[in-house]
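Q: Sharing a structure with you now.
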Amino acid sequence: MESSFHFINEALLITQTFITFHQFLVASACVLIAVFGYYFFKPRCIIYLIDFSCYQPPDFLRAPVSNFIEHLTISGVFDQESLDLQQKILERSGISDDASVPATVHEIPPNASISAAREETHEILFAIVQDLFSKHEIDPKSIDILVSNCSLFCPSPSITSMIINKFGMRSDIKSFSLSGMGCSAGILSVNLVKDLMKIHGDSLALVLSMEAVSPNGYRGKCKSMLIANTIFRMGGAAILLSNRKQDSHKAKYKLQHIIRTHVGSDTESYESVMQQVDEEGKVGVALSKQLVRVASKALKINVVQLGPRVLPYSEQLKYIISFIQRKWGMHKEIYTPNFKKAFEHFCIHAGGRAIIEGVEKHLKLDKEDVEASRSTLYRYGNTSSSSLWYELQYLEAKGRMKMGDKVWQIGFGSGFKANSAVWKCISEIDSRGRNAWSDRIHLYPVCGDTSSALKTELLS
């Protein structure tokens, strides 16, 4: 009898164990389904570009080549050889007499003090931020995230603190001031906002992108460090971003991709753009002879990462086939994909004519594809990280940006970095809207200046 009860007890225990294990399997399956469902079907963080503003210097800050050289001569800082080199670079730079420098640089000798740099920063950023706020009736206290990038001017209090103080922003605003990131830092700032918005929903962000010219003039004799004196000009951009659903109807663009490439592990790339001290103890930014080659290498790596995300399968297949054929010795060159099948517009950092022409050649683009970049270099000079936004405004002012179009921004910067941002136009762009090109867009492109080839001999 006891043996019978013992058998029943064991049977009940086994049944109980079976049910518990079965429930465990069901629960585990539910958890896995929930996890996969969350990652595959969760709402994506969509980044909207509501609008942006670019600084347009007043005409009295123009720096014609003749005046530029005259001021350098009168200053008594440079010997004749250095003056001749800078004049040669200026005349071949592709920069027009309309490009501007701050009032403090017009002084003789130029004022390179911290107060001069602050004055320049205030002049540029206060104007473009106020323009954005006024145009869209934005309360400064509604800004949740504030990011600035200025490579060589890193004051304390920071640049974002200047803006917070000027416009009376909230005490809990998330602010970041990036420095030392070079001319590609504008895209880096957008990427930082993108990452922050993954965590902070329903946020409004303001990105400020510029370089201060006033404190960074070089006063020595080193050829590689004199180039920066001639190509950098006054400029800046303010970009208003949002991940709020209610802003989708008024946004101009939607962010599609950001690809960042850093080749700083290679010494030649790392040293291609570097702030340093010359033999006489004078500080400047040296640009190496290998700069175009370094930029090309970084761009190739960046393109390899971007290509599969944007190119049609037909172009990807052509690339793969040519790659295999080259491995087997059947072809010498690998097929360059036609990126015009992925993008309607291209904005290449206006760092110099050699850089623009290098990208044009590498990607096999047409003259019209790089028109915005050349025109920006011609009209505004190298405005560092903000140049990409002047180019985008150029396309808008020309009436070329249509709903559904995609634009590829390509930035290069010290480190060495190559960064890409892809935007999709999601609204009708009014070409008559006021921007940094409105008063003279009918004059562009400038024949003979923006399309002629530049021999890369400035450093030879």
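Placed from the backbone N, Cα and C atoms, the Cβ positions cover glycine too.
Since the structure is predicted, the reported quantities are computational estimates derived from the model, not experimental observations.
Feature table excerpt (Swiss-Prot):
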TRANSMEM  21-41  transmembrane segment
DOMAIN    38-328  domain 'FAE'
ACT_SITE  Cys183  active site
ACT_SITE  His262  active site
ACT_SITE  His345  active site
ACT_SITE  His349  active site
ACT_SITE  Asn382  active site
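Show me how these features fit into the shown structure, please.
A: Across the domain 'FAE' (38-328), the model assigns an average pLDDT of 94.
A sphere of 10 angstroms centred on the C-beta of Cys183 (active site) encloses 29 other C-beta atoms.
Proximity of His262 (active site) to non-local residues of its own chain (separation of 6 or more, Cβ distance below 8 Å) is seen for Gly415, Phe416, Lys417, given in sequence order.
Over all protein chains present, the Cβ of His345 (active site) has 23 other Cβ atoms lying within 10 Å.
In the three-state DSSP scheme, His349 (active site) is classed as coil. Its Cβ taken as reference, His349 (active site) is surrounded by 31 other Cβ atoms within 10 Å in the chains shown.
DSSP classifies Asn382 (active site) as strand under the three-state reduction. Listed in sequence order, Ile95, Cys183, Ile231, Phe232, Arg233, Ala350, Gly351, Gly352 are the same-chain residues six or more apart from Asn382 (active site) with CB atoms under 8 A from its CB.
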